[in-house]
Amino acid sequence: MKQIQTKVDWKKIAFEGIEGKRITKEDALAILEADDTEVLEIMNAAYMIRHHYFGKKVKLNMIINTKSGLCPEDCGYCSQSIVSEAPIDKYAWLTQEKIVEGAHEAVRRKAGTYCIVASGRRPTDKEVNHVIGAVKEIKETTDLKICCCLGFLNEDQAKRLAEAGVHRYNHNLNTHANHYDNICSTHTYDDRVDTVEKVKQAGISPCSGAIFGMGETKEERVEIAFELQRLDADSIPCNFLVSVKGTPFEGRKELTPVECLKILAMMRFVNPSKEIRISGGRELNLRSVQPLGLFAANSIFVGDYLTTVGQESTADWEMIQDLGFEIEECAL
C-alpha cells in the first residue's frame, strides 16, 4: 500500500516562530524539499513572519565598488578573483570624492544603506583610513547607514571603522563549511567566521549571508542558515549564483525561480527577525517571480552589483509599490 505523506502545516510553524519557538532543521529542510505546488502556501506562511517583524517596509541598499578586480583570492564564483578571466573593469581605489558622490546617488535611489565594497583579501591601514575619511563626510551630509565590505579585518581596523560611524560590516560565509574547499583554496571558512566575530566585538552590526547554487546540497543550505542564526547576523544577503563567463564556475546550472523562493522562505523561518536581503543574481534567477521574493525577504539592492548589472531603480520602486509595500527612505 502506498504511504500517504503527511502535509506540513506551514502556518502553524510560522505562528510558533512568531511566538519564539525556533524551527527545527528537519522542518527547514522540508521547505526546500516541498513540492513546487506548495510554494505559494510556504511564501504565505513566511510572509506572516516577515509582516510581524517588518510590516510592509522594504529596505533598499546600494553598493559602490571602490576597488575592482586584482584580488589574490581564488574564489571560483568571483569575476574579480586571480583565477578569473572575465572581462571586467579593473581599477584601484576610487577617490573619497567619488565615494561620497556615490552616497548621494544612493539617497536619490531611495536607499537607506550604502555599502562601500573593495576587492582584495584584506585592507591595509592606509586603505581603512581612506574609507574612514569618506565615511565621515557621508555621515555629515546624509542620514545613510554605512556598510563596509573590505575583506578580512584585524581587531584594530574593526574598532576604527566603528568609531568612524560604520553601522554594518558585510562578510559573507558564502557556503557551508563542508563545501568551502570546493569554492576556494586561498582562505578557509573559519577565516570568514573570525571576521564576522571581530566586527561584532567592535560593536558593528554583522551582515553575513551566502551564495546559493554553487553545488551545495539542500542540507548544506539549511546548515548555513542555522550557522547565520548562531552568529546572530543582523542582515542576511541571499545571493544566487551568476555563472559569469571567464570564471571557474562558468556554465553552472542556474537555480529555478521556485528553488530561490524556497531558499528565501527557509531563511526567513530560520532567522525570523533578521533583515533578509535578495541580493546578487536576483534578476537572473528569480526573473518574473521577483516580487514574490519580498513576501519572505524585506530588503533588496538597487542599482548595479559589483561587476554585474541590476535593473533600473524605477522598476524596483514600481515593484514595491505594486505589492502594496513601502520603501524605508533616508534623506540628504
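Each residue, glycine too, has its Cβ placed from N, Cα and C.
When the candidates Arg50, Arg277, Arg282 are compared with the [2Fe-2S] cluster site entry in Swiss-Prot, which names Cys115, Cys147, Cys207, the shared residue is Arg277. Surrounding the centroid of the Cβ atoms of Cys115, Cys147, Cys207, Arg277, where the record places [2Fe-2S] cluster, the chain contributes additional residues within 8 Å, namely Asn61, Thr113, Cys149, Arg168, Asn170, Ser235, Pro237. Cα of Cys115 ([2Fe-2S] cluster binding site) to Cα of Cys78 ([4Fe-4S] cluster binding site): a span of 18 Å. All protein chains included, Cys147 ([2Fe-2S] cluster binding site) registers 22 other Cβ atoms within 10 Å of its own Cβ.
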